[in-house]
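For reference, TrEMBL has these:
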DOMAIN    11-98  domain 'Clp1 N-terminal'
BINDING   E16, K55, D117, V118, G119, K120, T121, S122  ATP binding site
DOMAIN    114-312  domain 'Clp1 P-loop'
DOMAIN    318-431  domain 'Clp1 C-terminal'
Amino acid sequence: MTLPEPKEWLLDEENELRIEIDFDTKVKLRLVTGTAEIFGTELGQNVDYEFSGRKIAVFTWHGCKILITGTCSVEYIANETPMLSYLNTHIALEQRRVLATQNNKAGPRIMIVGPNDVGKTSLSKMLLSYALRQSRQPIYVDLDCSEGSITMPGCLTATPLTEMIDVEEGFGSSATSAPTAGSAVMPLAYYFGFPSPKDNSKLYSLLLSRLAQSVNRRLEEDEAARTSGIVIDTNGLIDATGYEIIAQCIKAFSVDVIIVLGHERLYADMTRLHQKSGVAVIKLAKSGGVVERDTAFRRQTQNQKIREYFYGTSKSELAPYSTMINFHDIEILRVGEGSLAPSSALPIGEDRKVSETHVVNVEPSENLLHSVLAVSNADKRVEPDILETNLAGFIYVSEIHDARKKLTVLSPCPGRIPKKFWWLGSLKWAED
Ligand code: ADP
């Protein structure tokens, strides 16, 4: 088989090459001369980076030459980008960090808000990468439960970053089973289990508070993280529920900078609602390169995430372990079903609230096949504490042996799975 001829791209200063790569193709990218970065992380010269199922921008401040081998579904150079305004925002945030270091105060606590597909995660990566490039150690808080930049979709996470974010792997995918790219420390993950906060707003709010407590404690103990601050990536909800979550988040994490991406009305509302309490509200333009992702693309990204969690990436392959487990050694739990008390015994509206955080057992059955379950770190089932216990990792149910009352699971770690309580959310994955 002959390899396709590499295609050469010459970029002038402050240009970016935007490419989209399908899930069933692999594309190699090499920086030949000059300097370039992908979402804030600098590329090494003459290193081959491989991508599949991604939409990315290779940006250069001073000009560069890039070679692309393989077929991209979209490829073009853009000379109009909002990168200078993003860099200026970083410079202003860095000044706050310098002041925080001098006065032993807290660094900026930044929250990025906006609708879906405006580049919130990409901007989070850039601001974090720029901070890391200045030897800062910021914490990345990911409240977007639909995506799972750090671990699996369905989680609320916080990751103290100490190393550069990987160009190919992003924040890494097996974060809860091993330290991930960009982090020397395990991320903290709480399981929500639904794609949107609206699916169970009471649980979401509970977990958000719990995550904030843990992050605040960490900031108290870790001076480098405290002066570096946090970057909070949010879900794209900007309706009444979204506004409530934003308000709760500002309070819980003591947010002092809100960045509104690509939405005038949201910017006006955020200024009106929060500026008076001393929060700086900044408006930044959406990049013309940000791509809207349809349901099929999101589903494929989710599958890719799950696959990488168990099997790793082509750069760092993992071999998952297959283990047979007795039904009676585990308890599979689900949240938000059934009701503790009959509705008639509760004030109007309260019944749904109670059931939203009610934990119920799920009997193992064929229905569990192909489910991805979150393994809780809890040793005892105490409610509601178990809801707020962080995660040890994830397993995948590959077989159900109903007659023998056993199930076979894949996990990234060898041996018996030492934890008893497993959460069932809405994640399914058919191994290919
Ligand atoms: P949000 O977090 O607001 O939903 P993302 O940052 O995830 O948005 O961006 C949506 C998609 O667009 C992602 O696949 C991302 O990689 C891609 N993207 C973002 N910025 C650019 C750009 N400048 N050029 C090309 N693709 C981009």
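Any Cβ shown, glycine's included, is placed from N, Cα and C.
Sequence features, as recorded in TrEMBL, placed on the structure.
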residue : record           : Cβ within 10 Å
E16     : ATP binding site : 24
K55     : ATP binding site : 20
D117    : ATP binding site : 16
V118    : ATP binding site : 23
G119    : ATP binding site : 25
K120    : ATP binding site : 26
T121    : ATP binding site : 20
S122    : ATP binding site : 22
Exercise for the section: Provide the three-state secondary structure of V118 (ATP binding site) computed with DSSP. Expected result: coil
Practice task
Please find, for E16, K55, D117, V118, G119, K120, T121, S122 as listed binding ATP, the greatest distance between any two Cα atoms, in Å.
Solution key: 19
Problem - Per-state residue totals over the domain 'Clp1 C-terminal' (318-431) - DSSP helix, strand, coil - result: 20 helix, 46 strand, 48 coil
Fill in the blank from the handout: Looking only at the domain 'Clp1 P-loop' (114-312), mean pLDDT returns 89
